[in-house]
Amino acid sequence: MKIGRFVIEGNAAIMGILNVTPDSFSDGGSYTTVQKALDHVEQMIADGAKIIDVGGESTRPGCQFVSATDEIDRVVPVIKAIKENYDILISIDTYKTETARAALEAGADILNDVWAGLYDGQMFALAAEYDAPIILMHNQDEEVYQEVTQDVCDFLGNRAQAALDAGVPKNNIWIDPGFGFAKSVQQNTELLKGLDRVCQLGYPVLFGISRKRVVDALLGGNTKAKERDGATAALSAYALGKGCQIVRVHDVKANQDIVAVLSQLM
């Protein structure tokens, strides 16, 4: 499997989540020192992660805005330390070009933009400048849709075209339907059912639903975040069967056997 100029063995891969934030919904405050972050990265690599997704700002509902300066202070030391110690691809989870540039300079390989270039109009130019693969995620302000799966497909197709127009090569573009972002539980469920339509848009698809509210709802409610890892793994299997190629998860080990087996059947 290729992500731009990068090659990953197999037809599917796990992206391990590393939140260096104090307020992420699942693991906020757990990895706010470089050493704690490195220890977690080492474990995720041992468990089978092929990409580490580093984020310095929580995107949970109601989270506080973080300036680019503060975000850079959080992520750059961690990215540098990962690059110095491990041979692993790193993605930077940010929608700010200033942070993205600093992360690329520090050693990040991939851009993961939860606003698909809408927040910062220079993100696509930056991706083109660095020949960096970019993941474009569906997002919007309100939970209002004509038909959620079609609307998400239209959005992702339009944002991918905007990236192409800005000089990003097609093989550097990945898409993410954005589970949990501006979507009700019912809308997330409908989008899950229509996931194959997203996978038919002509771009590789990242699947990120780990520990989110819709997983809790599918389990009947009242579960803690870490109690959703088994269901997350089940949904990873479902997504790979629909055509997704990367699953973004907190618990790498719980997903590794699923990815290892299904990768051989894809």
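Here the Cβ of each residue, glycine as well, is placed from N, Cα and C on the backbone.
Model confidence over the domain 'Pterin-binding' (12-260) is summarised by a mean pLDDT of 94. Annotation comment: Swiss-Prot describes 12-260 as domain 'Pterin-binding'.
The Cβ neighbour count for Asn19 (Mg(2+) binding site), using a 10 Å radius over every protein chain in view, is 28. Sequence annotations record features per position, and here Swiss-Prot assigns Mg(2+) binding site to Asn19 based on similarity to another entry.
What Swiss-Prot lists as (7,8-dihydropterin-6-yl)methyl diphosphate binding site is Thr59, Asp93, Asn112, Asp176, Lys212, Arg248, Val249, His250, and the listing cites similarity to another entry. Within 10 Å of the Cβ of His250 ((7,8-dihydropterin-6-yl)methyl diphosphate binding site) there are 21 other Cβ atoms, across all protein chains.
Residues Thr59, Asp93, Asn112, Asp176, Lys212, Arg248, Val249, His250 are listed as the (7,8-dihydropterin-6-yl)methyl diphosphate binders, and the farthest two of them sit 18 Å apart at their Cα atoms. The two recorded residues, Asp93 ((7,8-dihydropterin-6-yl)methyl diphosphate binding site) and Asn19 (Mg(2+) binding site), have Cα atoms 9 Å apart. Taking every protein chain shown into account, Asp93, Asp176 are the binding-site residues, and of these the Cβ with the most other Cβ atoms within 10 Å belongs to Asp93. Applying an 8 A CB threshold to same-chain residues 6+ apart, the list for Arg248 ((7,8-dihydropterin-6-yl)methyl diphosphate binding site) reads Ile14, Met15, Ile17, Asp53, Asp176, Leu206, Phe207, Gly208, Ser210.
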